[in-house]
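The structure appears right after this line, and notes come after that.
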Amino acid sequence: MMNKIHKDNRGVLIVISGPSGAGKGTICKALLEKHDDIFISVSATTRNPRVGEVDGVNYHFLTKEEFKQRIAEDDFLEHAEVYGNYYGTPKSSVEKMLDEGKNVILEIDIQGALKVKEKATDGVFIFILPPSMEELKQRIIKRGSETPESLMTRFKSAYKEINYVSKYNYAVVNDNVEDAVKKIEAILLAEKCRVDRLKENLLESKEDEMHEQLYD
């Protein structure tokens, strides 16, 4: 009887970054709404919960002592201190979801993504690009929450961040959210078909199959 090829059912870690205004959040939201096997990682933080925020949904809220203990236990894929509070991506919860066959999205900044890349070598790193710098500028202006000074700061930062695109596996130009989502879906499908994501018994099962056909 023909043996089945056993595939690795482990999920794929998808790390998404890009400059402010590139549309990362909108793309991630669309992916989550469209696919029930894609989940977003919930970050941990030591800051106080805001009104309406739920522990384990918006963030994992920790004390500074708890956070530092997790750092000591190497339980973060990446972490940083921002304005006196700690933020990080819990390694154990991400690994649990991946082991359950769930595809996990990390929407994080570039520095965080590069730290994750050091630990998660099998991750898929996708950089979201705007169709043009002028379009990026207009998107940020439309938010209506930026002063001329902060707008210029964000724009200069975006120029610097785009230089990091070569550190990623893929670049997706977001000129249309639907098209950008389709490109990421294609990337995920291709990654699922990579030989190195199949279990080591792939060749063994094929050898057994050939042996059965030749000698049985």
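Yeah, the Cβs are placed from backbone N, Cα and C, and that goes for glycine too.
As recorded in Swiss-Prot:
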type    : residues                               : note
BINDING : G18, P19, S20, G21, A22, G23, K24, G25 : ATP binding site
DOMAIN  : 11-189                                 : domain 'Guanylate kinase-like'
Practice prompt. Have a look around G21 (ATP binding site) and count the other CB atoms within 10 A of its CB, chains all included.
Written response: 23
Discussion item. On the 0 to 100 pLDDT scale, where does the domain 'Guanylate kinase-like' (11-189) sit on average?
Written reply: 93
Fill in: Cβ neighbours within the same chain of A22 (ATP binding site) - under 8 Å, at least six residues apart
I128, L129, P130, L136, A158, N174
Practice prompt. Report the member of G23, G25 (the binding-site residues) whose C-beta atom has the most other C-beta atoms within 10 angstroms.
Written response: G23
Worksheet item: Can you tell me the three-state DSSP label for K24 (ATP binding site)?
Response: helix
Fill in: Additional residues around ATP, ordered along the sequence, whose Cβ is within 8 Å of the centroid of G18, P19, S20, G21, A22, G23, K24, G25
I128, P130, L136, N174
Fill in: Residues satisfying Cβ distance under 8 Å from K24 (ATP binding site), sequence separation of at least 6
I16, S17, G18, E107, I128
